[in-house]
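Remarks on the structure that follows.
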Amino acid sequence: MARYYLMDGYQIEVDVCHSCSGVWIDEAERTKVVQSPRVKALLSELDAKISTKTWLFQFLSQMPVEFNIKPKRRPVITYLLLALNIMIFAAYGFNYEMTDRVFDNFAMRASDIVDGNHVWTLLSHMFLHGDLMHLAGNMYFLYVVGDNLEDSLGRMRFLGLYLLCGFAAAAAQIMADPTSGIYMVGASGAIAGLFGMYLLWFRHASLTFMFVIYQKKLSPMAFFTIWLAFNILGMLMAGEGVAYWAHIGGFAAGLVIGLLMKHKVMETNPILAMLNEPEVKVTR
């Protein structure tokens, strides 16, 4: 009797008797063997190699390329959030006087919140951005991780958790510097929360990271560990102009939500659960 893996990337052991041409599997592995054609199809997407096209995109944009399964449903809420953020910025972002007026009324300042003023800015600041690059970076990452998370959570739950992470990010920034009168704007705190959930639920996905000119596929764990390290370093160096505590606070909130909801999400998303099995090995 000899033992073999069922196929590359799906390390289910099967026992083969060469003399009698028999094949045996354990009862616990029967369902996994039945699922194997679906796993094979998904692995062909996940194992796709980086190419000249992906290299050029990241080299020119400095944005990662995602390798993940396609969502089953159209990510309507993600698209609406993208459209809303873009339209709001278009309404004020090209006029300095209008920008000042909008920020005065809708950007968040920690000192205002502590004093009980402008409490609506806890929400409104998530839909404002400082410039086009700020907007483009946030919207790209929202698009990258949002479609799969919305698909696995459902539309309204996804929206609720997105906003909850944004509130958690704002709270972290306020607690870090409650007397600050600096405007805080941007969706990055809420999106950082999505990073935490994505890291825990989509271990099979890959995001590319560019080391100068060398592009490498990384696991979400590795990619977001690097992202977190950059934020901690920026915070320790007292960098200005970036709400590092908001990023870290949003990310921490996403991790907590991800841990608390992982069992339920896997229960309602059998394909996602299947790809989270330790037997699934993705090539990077």
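Using N, Cα and C of the backbone, Cβ positions are placed for all residues, glycine too.
In TrEMBL this protein carries:
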| type | residues | note |
| --- | --- | --- |
| DOMAIN | 117-261 | domain 'Peptidase S54 rhomboid' |
| TRANSMEM | 76-94 | transmembrane segment |
| TRANSMEM | 126-146 | transmembrane segment |
| TRANSMEM | 158-176 | transmembrane segment |
| TRANSMEM | 182-201 | transmembrane segment |
| TRANSMEM | 221-238 | transmembrane segment |
| TRANSMEM | 244-261 | transmembrane segment |
When you scan the chain for residues with a C-beta under 8 Å from the transmembrane segment (76-94), skipping those not six or more beyond its ends, what do you find? 101-102, 127-129, 131-132, 135, 138-139, 142-143, 146-147, 150, 155-156, 158-159, 162, 187
Can you give me the average pLDDT across the domain 'Peptidase S54 rhomboid' (117-261), rounded to a whole number? 95
DSSP on the domain 'Peptidase S54 rhomboid' (117-261): how many residues come out helix, how many strand, how many coil? 100 helix, 12 strand, 33 coil
